[in-house]
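A.B. asks: Here it is, the structure, as structure tokens.
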Amino acid sequence: PDVIDGKTFTSTVVDLNPWVEYEFRVVASNKIGGGEPSLPSEKVRTEEAVPEIPPSEVSGGGGSRSELVITWDPVPEELQNGEGFGYVVAFRPSGTTTWIQTVVTSPDTPRYVFRNESILPFSPYEVKVGVYNNKGEGPFSAVTTVFSAEEEPSTAPSGVSATSLSSSAIQVSWTAIPWKMSNGRLLGYEVS
């Protein structure tokens with residue numbers, strides 16, 4: 001607070017974070033300056049509130065066959081605003097309207113893995129992660145796109161042909177694998 005009149009013996013401190021322990025000191029001052037600070041008060045905790053900050057850096061990808069891996073940076077304890085803090089992970093295949101939701105109850109957990117045989121390899125999913133505590137649900141992060149796990153390509157290149165160029169060189173050519181059949185980011189081909 002601003003400097004308080006010398007005849008006042010109480011003050012209200014505002015704009016504090018919810019569910020955080022604080023201790024206070026008081027310093028008396030006059031025209032010459034400030035004196036020594038008092039001993040600290042007992043620690044006092046502000047009341048709980050609904051969380052206001054969603055996790056940051058929501059992303060994901062990788063994992064094993066038939067998995068969707070979702071990751072985030074956990075919310076620091078001083079921003080959890082109360083007991084019973086956790087995450088609400090929501091995801092859906094891109095282009096659909098219904099969200100699949102699950103709850104992650106550990107405040108320190110930085111990821112969730114959804115396993116299901118129906119997940120197609122390297123498929124885009126819309127993902128968002130929200131927060132909650134005993135006081136209620138807070139906001140969700142912005143929606144981001146995460147791809148399910150890649151798998152090995154499901155088909156071989158077609159149209160393989162070879163042409164002799166010289167006594168020591170042969171040119172090999174083929175038709176590229178269609179994107180849908182590559183089951184991931186195609187890194188290259190191996191000619192044997």
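Quick reminder: no glycine exception, Cβ is built from N, Cα and C everywhere.
Predicted automatically and left uncurated, TrEMBL annotations should be read as such.
Okay, so TrEMBL annotates it like this:
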{"type": "DOMAIN", "residues": "1-49", "note": "domain 'Fibronectin type-III'"}
{"type": "DOMAIN", "residues": "54-151", "note": "domain 'Fibronectin type-III'"}
{"type": "DOMAIN", "residues": "156-192", "note": "domain 'Fibronectin type-III'"}
{"type": "REGION", "residues": "35-65", "note": "region 'Disordered'"}
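Could you tell me the structural context for the features on the list?
C.D. replies: For the domain 'Fibronectin type-III' (54-151), the DSSP counts in helix, strand and coil order read 3 helix, 49 strand, 46 coil.
Restricting the average to the domain 'Fibronectin type-III' (156-192) gives a pLDDT of 85.
Same-chain neighbours of the region 'Disordered' (35-65): 16-29, 71-75, 79-83, 85, 87, 111, 113, 121, 127-142, 144, 146-151, counting only residues six or more beyond its ends whose CB sits under 8 Å from a CB of the stretch.
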A.B. asks: So how many of the residues in the domain 'Fibronectin type-III' (1-49) end up helix, strand or coil by DSSP?
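C.D. replies: Grouping H, G, I as helix and E, B as strand yields 0 helix, 11 strand, 38 coil.
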A.B. asks: Quickly jot the same-chain residues contacting the domain 'Fibronectin type-III' (156-192) by Cβ under 8 Å, restricted to those at least six beyond its ends, or write none.
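C.D. replies: Answer is 121-122, 150.
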